[in-house]
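Notes to accompany the following structure.
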Amino acid sequence: LPSSISCSLAQPVTPELLVSPSSQDGDLGSECPEDRGNWTGRLDFLLSCIGYCVGLGNVWRFPYRAYTNGGGAFLVPYFVMLAICGIPIFFMELSLGQFSSLGPLAVWKISPLFKGVGMGTILIVSLVAIYYNMIIAYVLFYLFASLTSDLPWQHCGNWWNTDLCLDHHVIKAGNTTLPVNITNTVSPSEEYWSRYVLHIQGSSGIGDPGRIRWNLCLCLLLSWTIVYLCILKGVKSSGKVVYFTATFPYLILVMLLIRGVTLEGAWKGIRFYLTPQFDHLLSSKVWIEAALQIFYSLGVGFGGLLTFASYNTFHQNIYRDTFIVTLGNAITSILAGFAIFSVLGYMSQELGVPVNQVAKAGPGLAFVVYPQAMTMLRLSPFWSFLFFFMLLTLGLDSQFAFMETIVTAVTDEFPYYLRPKKASFSAVICIALFLMGLILTTEGGMYWLVLLDDYSAGFGLMVVVITTCLVVTRVYGMKRFCRDIHMMLGFKPGPYFRACWMVLSPATMMALLVYNIVKYQPSEYGSYRFPTWAEVLGILMGVLSCLMIPLGMVVAVLQEEGTLWERVQQASRPTMDWGPSLEENRTGMYVTSLAGSQSPKPLMVHMRKYGGITSFENTAIEVDREIEEEESMM
């Protein structure tokens, strides 16, 4: 036969109905992933994950949580919960994303009945992205304010200060040896934050937002512009930015740590931070706090990990990457505690008050306490600029992940329409979220930010993660999931991972969910208590993400045929095109689902087309043998 005829006979013929509108040669497997894009560098994925996980919470939540829950003793439940809950769920998300090369919505081809889980994830991430970028806007505001010879929050006597303002520089100049009672006074940095930056005195509460603060509005616009420019080309652009934003914070953190431990009184703060109080380990609250810190610090359930892994090559060693990122995240949190509490120890000595009176968490630490401590140092504008630049890079990494999650999820649902216009679609999303975030730039915007922070990613996120864990292990099947990982990495997960996925991780997260519901406390900001309607609105935000799951079930069942039970069974099974996206990776059982595959021995089709047997194809042979043995036993 002529070579052209023999070549055409060797190629499987794809029926016209299976050819996509944008496919000219009918080769779906090779065309879609090229359009979707991949990481362009070897470290892009790893640094993106580190940047995503190591965020603002490592600096302003972990140190405070540690000292209020037993100091050094807190590290015991922290690492136990990391092993039980953090590492296994982290690895599960990466495995799902890398195996399927799909975003948080399309990945539910694994079980279309539960596609509502992906919808809930996108809703949660969208709400978080709105207020998280507002925090970055605050950081930008302080970053620009640090570009001066004297920090504006250094002294009293400005138009925004009140009679309660107490300047520690005046106290120090007076050479007083008596401890000063600061209980009924306010620091200049606190009044700068609340009365100048927020101008919160212009609002009576969450129902009275007041006027837009145009300086904050411009900072928010700038932060969204930065985010858009960095995700403009998807992971190809954000993957390069993280080489700076994921590594530079460590340099600044080390500089702040060295400066901190050399200050007088620094060890007073570090001792306060790390002195172990082992009696706290008998309290269930401490273990719950440790699990919460792990849960939110690693960013599981937000879809960011799954999205990043979906841009990997099929055989990327995510098992190794899981341990690098999770342990690196934990070590960073501990180091940040030293950097923060060394400065707080110095600050407490300067003011003559106990460390617990100056220690705070959240925005109070970043925008009040630490800026005040900076004013006590020589070259205070320099150290202030470094601190806020570190916060900026920490925050941007996480925001990149949130935005990439949203964009990837929607474009994977409509690939032929949106992927060619991904830059324009990203712009639309950024503009929409910017407009929704404008209420956060008003005088009462902080009340709305607190409400979003308390409810947007609360119990709804836990329900999403618990459901994902149960669907993968019970509905899809633990044996099948481990077989997929075996095909992808060349080995099966050990008893540790299987035990955590089956029992320990979902049980721990259910305990967290129950604890959060039982110990529910209404939101507050300082002395302000939120009205009932605001609490109801917050609870609805959390419930709405949960309602996406049954809503998705109804839609999936309606799309099937047969009796109700038959529809449920059909909708719970993986779709025909579930599996690796590239044809050369669809070895073993997955080749049979490829368009045009006509051979009863799918692995042999693969070998004929690509030639040779690699170590991963040996794995595929083992998987085929396992399936044949199971079928013969049945």
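Glycine is no exception: its Cβ is also placed from the backbone N, Cα and C atoms.
Of the cysteines C165, C217, only one is given by TrEMBL as the disulfide partner of C156: C165. Residue environment of N329 (Na(+) binding site) contains 25 other Cβ atoms, counted within 10 Å of its Cβ in all protein chains.
In this structure, the CA atom of L394 (Na(+) binding site) is 31 Å away from the CA atom of C156 (disulfide bond). When Cβ-Cβ distances under 8 Å to the transmembrane segment (241-258) are tallied for each of 117-144, 382-402, 455-476, the top count falls to 382-402. Under the criterion of 3 or more C-beta pairs below 8 Å, with sequence separation of 6 or more, the transmembrane segment (117-144) and the transmembrane segment (323-347) do not qualify as touching, having fewer than 3 such pairs. Highlighted in sequence order, I50, Y52, C53, G55, L56, G57, G299, T332 have their Cβ within 8 Å of the centre of the Cβ atoms of G51, V54, N58, S297, N329, L394, D397, S398, the residues recorded for Na(+), and are not part of that set. If one looks beyond the transmembrane segment (538-558) by at least 6 residues along the same chain, the residues whose Cβ comes under 8 Å of a Cβ in the stretch are 112-121, 123-124, 127, 451-452, 454-456, 458-461, 463-464, 467, 523, 530, 564, 567-568, 571.
Between the candidate recorded positions, C156, L394, the densest Cβ environment within 10 Å is the one around L394. Using a cut-off of 8 Å between Cβ atoms, the transmembrane segment (496-518) and the transmembrane segment (382-402) share fewer than three residue pairs, counting only pairs 6 or more apart in sequence. Neighbour counts were taken as the number of other C-beta atoms within 10 angstroms of each residue's C-beta; across the recorded positions C165, D397, the minimum falls on C165.
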